[in-house]
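Feature annotations, reproduced from TrEMBL:
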- B:4-191: domain 'Electron transfer flavoprotein alpha/beta-subunit N-terminal' (DOMAIN)
- B:207, B:232-233, B:246-250, B:263-270, B:284: FAD binding site (BINDING)
């Protein structure tokens with residue numbers, strides 16, 4: 001099996017974001033692998049451990065994404081590819097999916113796995129778009145994957161529960177929490193990851209046709225409705241005040 | 001013509017609120033760019049929904065019988081309608097299903113797409129979509145430069161405004177085409193009575209509920225309000241409730257009108273999932289808990305006393 005895992009580098013949730021006109025101020029931002037992509041890397045490695053083959057990690061972004069690829073190496077992937085683009089390009093899912101799909105097509109991969117969404121844009125688009133571009137089936141929100149040759153049986157999350165589906169490789173998968181427990185990179189893994197090569201690609205080498213989104217502006221989040229702490233002598237007092245506030249002021253209940 | 005196509009959604013044979021929200025939003029866009037609003041509903045019984053959608057601005061209500069949900073089948077069917085109607089703008093729900101078929105539809109139509117938009121406006125004949133990024137710590141405005149502009153839109157983010165459209169009813173002959181993923185079985189037993197993703201009220205419990213045996217206190221309030229039951233990561237990780245209830249970064253992102261957080265301290269990952277709720281109520285013993293920084297109404301008190309009192313008070317006024 002040839003497996004491609006999609007790795008996106010995103011700001012850590014705890015990090016403080018300073019918003020500029022069309023980009024954020026990156027000073028002081030802590031970058032991590034998007035948490036769902038860790039499940040994707042782990043699953044890629046587990047499939048290889050069972051079925052043999054090769055796991056390739058690919059990441060789009062500026063030079064700093066190499067750190068994310070080193071972490072993927074330390075976890076156990078076999079090859080790493082860095083597609084060098086500006087960070088805001090990765091907001092355009094159709095452009096991103098085109099670059100990735102062109103790479104994956106050339107590699108003739110059997111399985112493509114990414115997180116169910118990246119935690120910077122929460123778009124949930126790229127992996128399924130790649131499936132469409134490669135004309136292969138997909139399983140979104142996978143909780144369990146089993147391969148029997150090319151036959152794939154998967155359990156996935158759906159609205160209100162779970163679904164068991166059957167399909168076949170080549171296919172694309174999005175990883176949901178619960179698919180596995182990502183391993184921690186070993187010290188030995190981390191040390192050897194530092195020396196491993198990262199293959200650098202430029203967008204024009206991958207033959208993408210260009211961006212379809214324009215970033216008009218960035219802005220800070222809208223101010224919240226001013227909050228207040230209610231004062232009451234007892235639970236009953238709190239309850240009646242809250243009911244009044246929600247029905248008469250907020251008019252939401 | 002610069003028409004707008006809306007993909008609506010049904011749940012158990014009923015129109016979901018998002019279908020009206022998107023039709024209403026589409027009406028505003030169509031009026032600004034000079035076009036018609038077509039709302040597509042995947043059903044063999046489109047007549048049942050035409051009135052409701054006409055009342056919020058649909059000029060045409062299209063029914064396509066695509067059977068049980070499959071992302072590929074829906075994408076094929078929706079794309080067939082796009083080819084027929086040639087809209088300038090397509091609005092789809094950022095729902096569990098919408099996320100899947102929209103990605104395929106965008107590629108089929110060679111369109112740019114902004115996913116999870118929370119506000120839509122028109123500038124120079126093009127739609128500007130606003131979406132939260134970086135866990136809601138910034139908002140980005142995008143325009144789509146392709147001929148067809150596509151958007152998935154977050155539930156509860158759009159106002160429903162009454163406005164009469166022509167409301168013509170059409171039946172589309174679109175078909176599902178080739179579907180390569182076969183559903184073998186579904187298990188809906190562990191789920192929520194009310195879906196989190198599009199609930200207008202959510203009552204959530206956190207570590208403050210102390211143990212799984214205390215969920216009924218939270219569930220009673222949710223049931224009284226017709227709300228969905230949410231949970232913090234701590235309660236899910238402790239095994240007190242299934243992951244399908246989790247709100248937050250590794251759970252669901254929600255934007256209800258009202259979010260009632262009971263015994264939730266408000267870790268940043270939780271705020272990332274519910275911070276865009278319109279009104280937030282926090283009930284927590286610890287007055288310094290970070291949840292109070294985002295709460296519209298803060299109640300510093302014991303949830304075991306306040307939540308049952310609140311339930312009985314609501315029962316009284318809601319009858």
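The backbone N, Cα and C atoms fix where each Cβ goes, and this holds for glycine too.
Note: TrEMBL annotation is automatic and uncurated.
Quick caveat, the model's predicted, so the values are computed rather than measured.
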May I ask you to pick out the binding-site residues among B:207, B:249, B:264, B:270 with a CB closer than 8 angstroms to chain A's CB atoms, ordered by sequence, or 'none' if no residue qualifies?
B:249
Reduced DSSP assignment, residue B:249 (FAD binding site):
coil
Let me know how many other Cβ atoms fall within 10 Å of the Cβ of residue B:246 (FAD binding site).
24
Overall pLDDT for the domain 'Electron transfer flavoprotein alpha/beta-subunit N-terminal' (B:4-191), taken as the rounded mean:
96
My understanding is the cutoff is Cβ-Cβ under 8 Å with a sequence separation of 6 or more in the same chain; which residues meet that for residue B:249 (FAD binding site)?
B:135, B:269, B:270, B:272, B:273
In sequence order, which residues at least six apart in the same chain have a CB under 8 Å from the CB of residue B:207 (FAD binding site)?
B:232, B:234, B:235, B:238, B:263, B:264, B:265
Cβ packing number for residue B:267 (FAD binding site), 10 Å threshold:
19
Determine the Cβ neighbour count for residue B:270 (FAD binding site): the number of other Cβ atoms within 10 Å of its Cβ.
28
Number of other Cβ atoms within 10 Å of the Cβ of residue B:264 (FAD binding site) across all protein chains:
32
